[in-house]
Amino acid sequence: MPLNKDIKKVLVIGSGPIVIGQAAEFDYSGTQACEGLKEEGVEVVLINSNPATIMTDKKVADKVYLEPLTVEFVEKVIAKERPDSLLAGMGGQTGLNLAVELYDKGILKKYGVNVIGTSIESIKEGEDRELFRNVMSRINGPVIQSEIVTDMENGKAFANKIGYPIIVRPAYTLGGTGGGIAESEEELDEILALGLQLSSIGQVLLEKSVKGWKEIEYEVMRDSRGNCITVCNMENIDPVGIHTGDSIVVAPSQTLSDKEYQMLRSASINILNSIGIKGGCNVQFALNPNSFEYAVIEINPRVSRSSALASKATGYPIAKVASKIALGYTLDEIKNAVTQKTYACFEPSLDYVVVKIPKWPFDKFQGADRVLGTKMMATGEIMAIGSNFEAAFLKGTRSLEIGKYSLEHKKFRELSIEELKTRVISPDDERIFALAEMLRRDYRMDKVAEITGIDKFFIKKFRWIVEEEQRLRLSKIDDLDKEWLYKLKKKGFSDKGIADMLKVNPEDIYRLRNIWRINPVYKMVDTCGGEFEALSPYYYSTYDVYDEVEVSKNKKVIVIGSGPIRIGQGIEFDYASVHCVKALKKLGIETIIVNNNPETVSTDFDVSDKLYFEPLTEEDVLNIVEKEKPDGVILQFGGQTAIKLANFLKEKNISTLGTTADQIDMAEDREKFDELLEKLKIARPKGKGIWSVEDGLEEAKKLGFPVLVRPSYVLGGQGMEITHDEKELVYYLSNAFQKDKKNPILIDKYLMGREIEVDAISDGEDVLIPGIMEHLERAGVHSGDSITMYPTQNVSKDIKEKILEYTKKLALGIGIKGMINIQFIEFQGNLYVIEVNPRASRTVPYISKVSKVPIVDIATRVMLGEKLNDLGYGVGVYKEPELISVKVPVFSTQKLPRVEVCLGPEMKSTGEVLGVGKTLEEALYKGFIGANMSIKKEKGTVLATINDHDKEEFLPIAKKLHSLGYKFIATSKTAELLKEEGIEVKQVRKLKEESPNIIDTIKNDEVDLVVNTPTKGNDSKRDGFHIRRAAIERNLGVITSLDTLKAIVDIKFKEIKDETLYIFDLSN
């Protein structure tokens, strides 16, 4: 039992949906914490709204509440479960803010709940900018010259006093949200107003900019007795001025002198002791590169993105140790899980280099402002481990899946030196490639260091890589001798990177390596620099003499992970990978995971029998397969990242379990798939590939408008659009053919029907559908951005039977063994197939939890040859539950400047929440609250700008809103429509007309909700785009789908109140 015998039942608050600034790292740390508490015999109650997580599985906590993360719903859980304690620091900023609010409102006191781990007072001292500054003053800790402000007037006065640029940091926000660097009073007006609005306590810290100083982080653990260790220190390659979540980070720090290292280490420990932290804490410093001057930027008195990185970089399980400290244990009483010999009071030591590189969503949002600053924009990250910096960095670059295997980027070849300088002075996600091009042109290293703020140590490393690339470019393959190839491999060059420079095939380099026996060995991450034997096999590749992998002769399977979190491929795929591993382990099969994401549960050291922290490229995966010689490789759970390895593994005669490469190709190749549908007599929307604007117009005439147009070979709906007339179609096609003349544009009849989705399992003979899901929004909104309902609410028995029939025909026709995801449209009583994915999809965690069918477990067993009829869940459509569960998407577009907000065929959401209720309205109400949609407001003002073809449908919804007491503001045509129906409306000028116009209405806070149905997709020159962006940047609700608006209005009519709703424990 825990040292503190009074702790019997602990409430853990999760972090909710994945948004930019708060991603999968909290699933990893929350899962670890729950396990750590349960190991000590403590009952764990969890509240978290995110169904895509491992954390919300029924076996992770004793009681699992997938409910909105608001004070009202957390109080309901506390009232029902009566925990004696609350652990606040595992749910990111969301969990911390909730814990503080529960404390301030007296709810914790009312129910006798104690906060364990770091106290609320200590959390406030770490999070409240003014209290933190007072602590620093008390211990003589240097801080940057700053002022705490709560209004615009004082903010401007301070800025005028110390001069620009000024850094704006709101209190209690996430990932730098609402912050930024103001270079002028005009910029300060905009950033400060938003920062004050988004801070939960209306407080902002303004500080003098030390942009260009080094940014250093320490991850520190402290127990209740004051024992303190630094787990890991990390150096941001990018200087202060770029959010640490958007920075390239290296561990351990590479450029600090011993004096600097010890100085900052002592300062970190001093801060933790002064605040009284109990658990993990992240401390961020700014260090003057030209002196020993430093300042504390901020601390995070909780587990964080950096603590997940530090855990994976060192093998030290920070969240688990923090949970034990919260129970009263001291560091010298907690065993190191990796070595089982040392204790948690031993500081880890690293004999390797770790590099973290962020993954940005700009491939999805090509019009976005890519310049990096103090506001985080990355959706995820990769981690790479090497025996030297160059190896780790090059591994990291190819792990990003951006098609880069070197530091060369074609588009920078055309730029002048002045243009390249601009690209690194205003750094964006591609700055390293611009920097490399400058070095390629012999720009002086000290000058590059000066203008970028990147230490000369790193510039020298990049220079060496660039010089080797240049040397290869000027060579032939015959010039490549054994010694040179070994040196390149040791420094992280890939076969493809070398081959591209030599203009040969990667296979040629692979052949040479085999002739010369230049193959990687694998070293272990052991937390102690090899001083003690590690029991948890966690490996990285290097080109060295001694190999630390022991290859067994057991039956074994390699599971390929899904890589970094990104829009379209999120935490859902990590959930599936982890469940696959658990299923294999239950069957007594040795499990091996290959992945490169430091935020996830799959890369925890004790999930699989072996973990290889490696890039998910053909070469890196093949090296592991050749080392381990598994009985098979599973690709179905790693999203497109894993699936795209299928053909390569087939060419190498490597067995993939389940669906084969040819079968995957049948589902993904349009022509082959069309042939199959024809053969099976299954309908799909009519369409074809076209090669010119004229062809497109001709085809559209045959099909009839509206039509869905999209480029060939895209993922996540990228570049898709619905066009309603010839003018829109010509505009889309002209742009599309200008970008890509080599591939056809696909044009389909757009059916404005009901979209229905299934995740099914096939064993080659039978099919099991755990649940049929219905989308609230009509077809045309990407399935990942749609509200999903289960059980279906409007699907007839006949259509359900047809869905089962088509699913079985398709699964058996393709030859699926394992998972298949199918999307259907029901239109005018007919059923059409629109898409088939021969793998696990993003709805698997959701439907697994709400149907209570262990989908991944069953699919894994089927891949290994078992039959559905023997697995206890039958075949056909599984029985439907009584409760209704909705999955509501969550967006991060506010954090991405110049990004389109409206829903369409291209996916934009970063996360999701679950709403569970006895009725659809109750479930939707909870889902909307959990997704932070402003649904509780009784009345307000709606700004409506409605597209012509939506006006008729909008009218009855507008009448309902009017009857509820809402007022309207609208532009001319929409205003006329409302007036004709007797609805009072204030007419407002359009964007191009003189002030006050529609944008002024938004900026002057005259509006509570914006309803805008767009006319032309992603054209940022149009009024609608600017209206939506202005609203989202003022933190207003923006609705672009009338289906969503109708659902919200229906809920308001039901007058649902928090106090009347039930909460549901989904662990049973």
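Just so it is clear, glycine is given a Cβ too, placed from its N, Cα and C backbone atoms.
The following features are taken from Swiss-Prot:
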BINDING   R129, R169, G175, G176, K208, V210, E215, G241, I242, H243, Q284, E298  ATP 1 binding site
BINDING   Q284, E298  Mn(2+) 1 binding site
BINDING   Q284, E298  Mg(2+) 1 binding site
BINDING   E298, N300  Mg(2+) 2 binding site
BINDING   E298, N300  Mn(2+) 2 binding site
BINDING   R710, K749, L751, E755, G780, V781, H782, S783, Q823, E835  ATP 2 binding site
BINDING   Q823, E835  Mn(2+) 3 binding site
BINDING   Q823, E835  Mg(2+) 3 binding site
BINDING   E835, N837  Mg(2+) 4 binding site
BINDING   E835, N837  Mn(2+) 4 binding site
DOMAIN    133-327  domain 'ATP-grasp 1'
DOMAIN    933-1068  domain 'MGS-like'
REGION    1-401  region 'Carboxyphosphate synthetic domain'
REGION    550-932  region 'Carbamoyl phosphate synthetic domain'
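In this structure, R129 (ATP 1 binding site) is part of a helix by DSSP. For Q823 (ATP 2 binding site), the same-chain residues 6+ apart in sequence whose C-beta sits under 8 angstroms from its C-beta are E755, I756, E757, S783, V833, I834, E835, V836. Taking the region 'Carbamoyl phosphate synthetic domain' (550-932) as a whole, pLDDT averages 93 in the prediction. Per DSSP, the secondary structure of the domain 'MGS-like' (933-1068) breaks down as 58 helix, 22 strand, 56 coil.
A straight line from the CA of Q284 (ATP 1 binding site) to the CA of R710 (ATP 2 binding site) spans 45 Å. Listed in sequence order, L708, I722, Y750, M752, G904, P905 are the same-chain residues at least 6 apart in sequence whose CB falls under 8 Å from the CB of G780 (ATP 2 binding site).
Taken residue by residue with DSSP, H782 (ATP 2 binding site) is part of neither helix nor strand, so it is coil.
Least packed by the Cβ count within 10 Å, out of the binding-site residues E215, E835, is E835. Take the binding-site residues I242, L751: by the count of other Cβ atoms within 10 Å of each Cβ, the lowest one is L751.
The shortest Cα-Cα distance from R710 (ATP 2 binding site) to any of the binding-site residues (R129, I242, E298, N300) is found for I242.
For N300 (Mg(2+) 2 binding site), the nearest neighbour among the listed binding-site residues (K208, E215, I242, N837), judged by C-alpha distance, is E215. Straight-line distance linking the Cα atoms of K208 (ATP 1 binding site) and H782 (ATP 2 binding site), rounded to a whole number, equals 44 Å. All protein chains shown were included, and the count of other CB atoms within 10 Å of the CB of Q284 (ATP 1 binding site) stands at 20. Listed in sequence order, A667, I820, N821, I822 are the same-chain residues at least 6 apart in sequence whose CB falls under 8 Å from the CB of N837 (Mg(2+) 4 binding site).
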